[in-house]
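A quick write-up on the structure given underneath.
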Amino acid sequence: MTIKINAQKNLFHLQTDHTSYILTVMPNGELGQLYYGDRLPVKEHYANLAQREERGGMATWNDGLPDFQPEMLKQEYASLGKGDFRLPAFQLTQPNGSRTSEFAYQDYTLTAGKKRLAGLPATFDDTHDDAETLVCHLKDAITGVRLDLAYTVFPHQDVLVRSARFHNPTTTAVTLNAAASLQLDLPDADYDFLQFAGDWARERHLYRTHLRPGLQSIDSLRGASSHQENPFMILARPDTTDDQGSAFGLNLVYSGNFQDSVEVDQFATSRVLVGINPHEFGWQLAPGTDFQTPEAILSYTDRGLNQLSQQLGVFYQAHLVNPTFAHQDRPILINNWEATYFDFNEEKLMTIVQQAHDLGIEMFVLDDGWFGHRNDDTTSLGDWFVNQPKFPHGLTHFGDRVHALGMQLGLWFEPEMISQDSDLYRQHPDWVVGDPAATLTPSRHQFVLDMTRPEVIDYLFGKISSVISAMHLDYVKWDMNRNLTEAFSRRLGAEQQLEFTHRYILGVYQLYDRLTHAHPDVLFESCASGGGRFDLGMMYYAPQAWTSDDTDAVERLKIQCGTSYGYPQAMMGAHVSAVPNDQNGRVTSLATRGAVAFFGDLGYELDITQMTPAELEQIKEQVAFYQEHRHLFQFGTFYRVDSPFAGDGNVTSWGVVAADQGSAIFGRYQLLNHPNAPYQRQFFKGLDPQRTYTVNQDPEPFSGAELMHAGLFVPTVKPQQGYSSDFSAQLFIVRAVQ
Ligand code: DGJ
């Protein structure tokens, strides 16, 4: 049992292998937080953790409990309006306009395992990994509304999963104006806030700042989790590094508007809230209905940020990602987007396919432009039928030719979008998101389909599903290239318009659910102009995502390193593209481009028919090399060694280590090559200190201890033929010899 309950004292001690989370029922019936951190022994009671003393000038719950002052309490799911002035976890408006709630604990249920949620992406425990779920049931004394706070303990990855569910058993509707997935009140504020921020082509760069009094938050109001902020955040002690120190990781299993906030109050405590963004949100809780929040993931370690990333990665693969693909090696693909953009036809593609096949590449992905009459980005979204001039014999004919070579086939869709110049728009202009009185705002010349409409989901399912079946697709790339504006559904009444953005994303999930169930062997990759929806909601349906539209190897160091804090490398699509790079004009060697892309799901995205025989030979070698080490690259334990975010960022290094520590590959990347530079050493991590290893087949044996503690001397980079000595990459292939 991982959840120990003292029912008499209303104490709940949630234990994982290394952590404890303790909560209790407070004198007013609300749930109070007592402790979260390194594992503690179970005790009869925790008086020390619950101690209070009265402070002047603050509201008390009642005169009989002068030291019970809501502003001082560490709570599990706080309301506003009873003397706690920090941001609340929820807000419920009664029919008379009052926003005061008095939820009190009723009882609990404890069950083995973890069930999926209906209609939302969610964690699960299919493998009987000792998960246990506690649900605390509360009731509002004023309205009679019920609240279930769910806690699942996944002991072996040191993860807790939380969510809240409101149920209205009364005959009167109430409105939910906010409903967080998780609240965590920490007793002090000596933490650094690590966020992963950026923009299109610059996603998930690490920013680390110390907490300060007041509110600090990351959020999205774009209808997508966004390029700009990612729902993943870390709170770490200031001395925590990749290798040591304590840290909390928090993430949300959700792809829409979110808000993660930390509020440091006047007593230097920290309130963390994670959930749907309360702005642009309001939910009519009609009689007899429920509202289920998305799930939030919480994890703690005292062994540094690499450990935090690793335990989260293991957790996602075991308890979130579609089990069909969670541990399955991902194919090496070639995508025609940066090779051809819209300028292709079947014959041109077949020359790429044939060449790719000769190089050992395993899958061809046909990107944007195969449908309707789309030859640029102004038309045809929604018309998911063949672009006849490009494929005169039809898509199935093309698909059969690819499959006949023994290659797998993938296809791009952008299901949620519609072009004004499309048959779909001409037939169903009312399917577009937006107030008909408003002038709708185009973005990339396109508009958004109202995914709250069942007929839209049916239409998309029918079209996409029949293309998947007809072409026997192995893979679908699901793109999404704009954010929501004029958020409004013609289908919803005025009182439900603030439900729109959440209902939109529920519609997206419904379509994903139907397609992945109808085509269980098709690998889905999510994409949103690159990494604009790189989140756990998407990962539940699509086990990998296109990390960024920025394919420049140097830019990718920061993007992939930042992403690695919260997501394992098998979730990251990483492609080798042409130089000068299309996004920033930078020229890097093919070796460097490969050495960066290896640490993800490798693909090629360039016109290989234009390459020299020597370059093609090099790609062939890269493909063979990646095939040999693919499982290690995609599923090995990932370690950050030198950070591109530290100092001048001139050197980045990272590595993957096999579960049995018998092999490892580390990559080292240097931006500028300095003359007469200080000596440099490459340090390794995660090896067995007692074992003997070789590096790059050099006969000299090294103990794991030597490689990890003394490092390996790195000679000055020599000029590479035809390329500058800047932007160099080195791979260290480490093998145990005993
Ligand atoms: C944005 C994606 O990120 C690209 O990879 C490509 O699929 C384009 N859209 C196509 O329009």
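Cβ atoms here come from the backbone N, Cα and C positions, even for glycine.
Note that the structure is a prediction, hence the values are computed from the model and not measured.
Going by TrEMBL, these are the annotated features:
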- Asp479: active site, nucleophile (ACT_SITE)
- Asp549: active site, proton donor (ACT_SITE)
- Trp200, Asp367, Asp368, Arg444, Lys477, Trp478, Asp479, Met480, Asn481, Cys527, Asp549: substrate binding site (BINDING)
- 29-286: domain 'Glycosyl hydrolase family 36 N-terminal' (DOMAIN)
- 652-733: domain 'Glycosyl hydrolase family 36 C-terminal' (DOMAIN)
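Across the structure, Asn481 (substrate binding site) and Asp549 (active site, proton donor) place their CA atoms 11 angstrom apart. Note: Asp549 (active site, proton donor) has non-local neighbours Trp200, Ala201, Ser529, Gly530, Gly531, Gln583, i.e. same-chain residues 6+ apart with C-beta under 8 A of its own C-beta. The full span of the recorded substrate binding residues, Trp200, Asp367, Asp368, Arg444, Lys477, Trp478, Asp479, Met480, Asn481, Cys527, Asp549, taken as their largest Cα to Cα distance, is 19 Å.
When pLDDT values are averaged over the domain 'Glycosyl hydrolase family 36 C-terminal' (652-733), the model yields 95.
Around Lys477 (substrate binding site), taking its Cβ as the centre, 26 other Cβ atoms fall within 10 Å, counting all chains.
Cβ-based neighbour count (10 Å, all protein chains) for Asp479 (active site, nucleophile) stands at 24. Taken residue by residue with DSSP, Trp200 (substrate binding site) is part of neither helix nor strand, so it is coil.
Rounded to the nearest whole angstrom, the C-alpha distance between Asp479 (active site, nucleophile) and Asp368 (substrate binding site) is 9.
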